[in-house]
Each structure stands twice: as C-alpha cells, then as structure tokens.
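Worksheet for the structure shown next.
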C-alpha cells in the first residue's frame, strides 16, 4: 500500500525505487558493453575519467558556493571557517581519494584520446560555470520534496509538532475526566464508543470554518466541555476549551461527539493566500497531506494520546458531489462501533438454559458480524 490509512490521497514516505532503477540501469549498460566487445582496460579508463570529471565538476560548483558562504561566515557559521568549508565541500577524504585514484589511472593507462590534463580541466570548469550561470542543473521539484521530507524541512513537519506539543499533548491526557464531569452536569449526553475521544477534522483543501454549522447544518453545537487551564509560556492560567456537537440525520439526533478542526490548517490556507509566503495551492495541498501523515506518526508513538483522539481526513466535495460532513463523521463513529463489536467476538457466547431464568441477566456476545438480540426465545 503506497498511502496512509487515514486517506488514500496521503502518500507514504518515498522509498528506494530510484536506487533499484539505477542498479537495473547498471546491469543493462554492463551487458551492452560486454556484447559490444569493448576492451576492459579501455572501458576502465573511460569510466574512471568520467567519474573523475563528474566529481571535479561538482567540486567546482561547491567552490563557487563557498564563495557565497564566506560572505556570511559570522551570522551563519559564527566565524568558523572550517564549518563553512565542510558545509560546502562535504567530506574532503572522499574527494581526495577520487582525485588520487583518477590521477593514477590517467597516468598508468594509455591516453587514447590524446588530450592533455590541463585542457580537460579547463573544459570541465567552463562547462560547470555555464551550468551555474544558466541554471541547467537545478533540482527538480521531486528532488526538492524528497530532501525536505528526509530532513524534516517541511512547513508541515513544524506545524504538526507544534500542534501536538502545544495543544494535543496538553488536553488529551485529561480529556476523559473532563467528559466525565460534563456527563454528570448534562445527564450523560456523551455516550457510546466515541464519547471519550476528540474528533479532529482534516479537510485537505484547508477550508476551515469558524462555525461547523455553516459547513453542515446537520452539525449542531450543544455545549462546551469544562475548561482546562495551564500556565504556558509566561501566560498564567491559559484556558483550553473544546466543544460538544450533536449530529443530525433526517432531522433527528443520532450522535454526539467532541469535535473541532485542526487549527494549523488555517495557517496553511492563509499562507497560500498571502503572496509574501510564496506558497501555491499545490504547495498547500502537499503540506496538508504531509501534516496529516506527520501527526499520524507522532500519535502512533504516543498511545495515551492516540486512543483519546481520532483524525477524520476528507477531500472537500466538488459541486456535483453529494458529500455531507455530518455523514462523514457518522461513518467514522459507526465504524468504531463495528470495530468494538468485532473485538467483542473474541468473547464466549453464553446461552441461558431453562433453569436460569430466575438469575440476573447475562451479556450475550455473538460470534457473528452483527450483534445478536438479547431475547433467547427466538433461538
């Protein structure tokens, strides 16, 4: 499966298919050269010279980058020149080894092309200078995305961690106690499988409304949970609150839950609307998906938080679709109910005999897909 369990459009991290393709390309090229009957010494010389030229071109490029970094040596590297050199040139041992090996083969093997070393170096420098000036070797969007994902440079990564540490990690541990207090005050309004969880809505288009009833009139605000306060970043008694909503179906209440949007999606939407952020709608969609995936990974490593919340990820509907947000939420609630019933099938089925009618009623747990009725006269 190449996507997250939250939603089919959320991708998993990239794998190693590029290396697999490179290995296949290596085998194909070696087979082609072997079939052409290329002499091994001639093949080795050209291969070494080509590898050396690639590394030399890369070295020229990084030296040009070093010229820029030296202008920022104090604010970026605290005046440490060796850090600046390592940041631009990478490992000097690797370059030294490649250059020494290349010089050895250049001297020891016959020079069939009859070109002096100085001429070759000058042409390499010329070609790399043109590449830099014309921008011919810029990274593709896929390469940039891969680097950002691997090194956690994405906007989504910071937003997900900020959302978890600054909000979810604070409210989720005490959520059940607050729901219990709420039920005591409101005649057990929150009941059922989803009564002890926070349901977080993730519209992938980042369309977050301040009023859920405006998104769907079948979602009706009921009450606020008891508030939670904490001293946070110099703010004494900072208040955190959550809202209880009632879900309607055909005009009748069919469920209640603690519900809200993921607020960082508002930040992504605002960035895409502000030209100063340089954030396109495509960037917004990509970062929204990565935000969901990153938060899913964070919660997977925090079981106490994970069991107290559920993420509801969905695509905003088109004009032709009959999408209903309330039905999407109800689908998740009912799915959890079915999962609870399925988990209960591991229990033992107890069938009361004729002599047990005077005893206290016992819970009947079915081994079927649907729960059995509690009446026994129909068996």
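Every residue, even glycine, has its Cβ placed from backbone N, Cα and C.
Among the features that Swiss-Prot reports, 2',3'-cGAMP binding site is placed at 162, 167, 238, 263. Residue 162 (2',3'-cGAMP binding site): 12 other CB atoms within 10 A of its CB, across all protein chains.
Sequence annotations record features per position, and here Swiss-Prot assigns 3',3'-c-di-GMP binding site to 162, 167, 238, 239, 240, 241, 263 based on similarity to another entry.
Long-range C-beta contacts of residue 238 (2',3'-cGAMP binding site), restricted to its own chain and to partners at least six residues apart, with a cutoff below 8 Å, comprise 229, 230, 231, 232. Residue 238 (2',3'-cGAMP binding site) falls within a strand segment according to DSSP. Per Swiss-Prot, the feature 2',3'-cUAMP binding site maps to 167, 238, 263.
Per Swiss-Prot, S-palmitoyl cysteine is recorded for 88 (among others), and the stated evidence type is similarity to another entry. Its Cβ taken as reference, residue 88 (S-palmitoyl cysteine) is surrounded by 17 other Cβ atoms within 10 Å in the chains shown.
Taken from Swiss-Prot, the feature S-palmitoyl cysteine covers 91 (among others), and the record attributes it to similarity to another entry. Residues within less than 8 Å, Cβ to Cβ, of residue 91 (S-palmitoyl cysteine) and separated from it by at least 6 positions along the same chain comprise none.
What Swiss-Prot records for 356 is phosphothreonine, and it gives similarity to another entry as the kind of evidence.
As annotated by Swiss-Prot, region 'Cyclic dinucleotide-binding domain (CBD)' applies to 153-340.
According to Swiss-Prot, the feature motif 'pLxIS motif' maps to 363-366, an assignment based on similarity to another entry. For the motif 'pLxIS motif' (363-366), the mean pLDDT of the prediction comes to 41.
The site 'Not phosphorylated' feature in Swiss-Prot is assigned to 358; the stated evidence is experimental evidence.
Residues annotated as transmembrane segment in Swiss-Prot: 20-40 (among others). Listed by sequence, the residues of this chain that lie at least six past the ends of the transmembrane segment (20-40) yet keep a Cβ under 8 A from its Cβ atoms amount to none.
Sequence annotations record features per position, and here Swiss-Prot assigns transmembrane segment to 87-107 (among others) based on sequence analysis.
According to Swiss-Prot, the feature transmembrane segment maps to 115-135 (among others), an assignment based on sequence analysis.
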Using a 10 Å cut-off, grab the number of neighbouring Cβ atoms around the Cβ of residue 263 (2',3'-cGAMP binding site), all chains included.
12
Across the record's 2',3'-cGAMP-binding residues 162, 167, 238, 263, the largest CA-CA distance in angstrom?
17
I'd like the Cβ neighbour count for residue 241 (3',3'-c-di-GMP binding site), meaning other Cβ atoms within 10 Å of its Cβ, all protein chains included.
13
Top Cα neighbour of residue 241 (3',3'-c-di-GMP binding site) in the set of recorded positions 88, 167, 263:
167
Listed recorded positions 88, 162, 263, filtered to Cα within 10 Å of residue 240 (3',3'-c-di-GMP binding site):
none
Cα-Cα, whole number of Å: residue 88 (S-palmitoyl cysteine) versus residue 239 (3',3'-c-di-GMP binding site)?
47
Top Cα neighbour of residue 239 (3',3'-c-di-GMP binding site) in the set of binding-site residues 162, 167, 263:
167
